[in-house]
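Data first, discussion second: the structure below is written as structure tokens.
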């Protein structure tokens with residue numbers, strides 16, 4: 001079983017690159033971050049045509065996470081528990097087979113110190129609490145995503161230049177180490193001890209060509225799943241292709257027979273159980289109300305006594321699960337036409353919490369692939385449009401335009 005994480009840095013402009021990688025590597029599960037697209041703009045048709053089901057948690061212009069899988073994922077919840085006022089789309093959790101997949105995009109936090117860094121640390125504390133809940137079940141769990149932290153000096157090119165950056169500050173690294181100390185296995189570092197191996201290279205100053213990189217994308221395994229780890233790596237060449245993300249896909253290979261632990265149905269629910277079989281455009285108003293209620297519930301602290309709700313979600317009691325989309329085979333070129341690429345900018349962007357008067361988040365439908373196998377050669381041709389952020393980042397006053405992205409990561413080299 002191959003599980004990967006990939007910060008696509010805009011699923012609209014990077015869709016051809018994503019589809020090419022999916023066809024070449026055929027991961028069983030792919031966790032995506034930085035979709036930078038609202039819920040209704042997710043390219044479901046193209047993802048289905050590539051042979052994947054999907055659930056996603058979108059947001060206009062910023063953030064956004066998704067889980068793609070060969071078999072239908074059963075959503076546990078979206079949004080990290082612990083802060084009902086947090087509207088940022090950074091976390092989604094699902095059961096795939098008997099493995100719990102948590103896809104996350106941890107805040108960048110720059111500039112530090114400041115309110116954005118405070119938000120990052122608070123988000124990290126919520127993740128640590130959720131990690132405790134997941135481990136307490138004994139289930140097979142993967143925490144996968146862009147953690148925006150370099151755990152050690154081995155994980156950053158020229159660490160002396162990054163001491164004040166939010167990704168490398170002592171507080172950030174200490175939080176990551178506390179998370180891992182719960183019992184999680186850092187899969188990439190376990191398979192490559194002592195090796196400089198990176199997952200991110202900035203767009204500036206030929207960082208990729210000089211290998212001036214960072215390791216900020218991680219896959220952490222619970223004790224029940226750690227014995228199944230066979231291999232881990234980075235598809236580094238993807239970063240060197242035309243119109244790439246500034247990240248490269250990071251992956252692990254698991255031997256399911258070597259895993260041990262409780263069934264995924266014992267996982268404490270992060271929200272009201274949502275089976276999520278309707279595709280986004282076909283979800284009815286009644287279902288939207290149920291999903292909206294679940295999306296609000298996910299932001300409250302979960303309790304282990306909600307495990308039964310997850311078991312219901314995994315049982316498919318409301319309908320039979322959709323069959324996995326058929327594999328499409330290898331194509332020489334991606335099926336979707338590449339939209340016009342936006343100007344690429346550095347990773348270290350202003351990511352703070354939304355202003356107090358920000359509009360409420362969209363009702364996120366529990367969106368997975370619709371039942372049935374999509375046409376093998378269907379391709380989505382959607383235009384990626386740059387739209388203004390709907391909620392201004394925290395600033396000195398309401399109405400102030402979001403700050404331009406900082407060039408913190410351009411310091412590499």
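For all residues, glycine too, the Cβ spot is worked out from N, Cα and C.
What TrEMBL says about a protein is an automatic prediction, not a curated fact.
According to TrEMBL, the Mg(2+) binding site annotation covers 7, 34, 146, 148, 246, 247. Among the features that TrEMBL reports, active site is placed at 105. Under the heading active site, proton donor/acceptor, TrEMBL lists 146. The site 'Important for catalytic activity' annotation in TrEMBL covers 217. Taken from TrEMBL, the feature region 'Disordered' applies to 262-289, 315-413.
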How many other Cβ atoms are found within 10 Å of the Cβ atom of residue 34 (Mg(2+) binding site), counting all protein chains shown?
25
Say we define neighbours as other CB atoms within 10 Å of the CB. Which of the binding-site residues 246, 247 has the fewest?
246
Recorded positions compared (146, 217) - the one with the fewest other Cβ atoms within 10 Å:
217
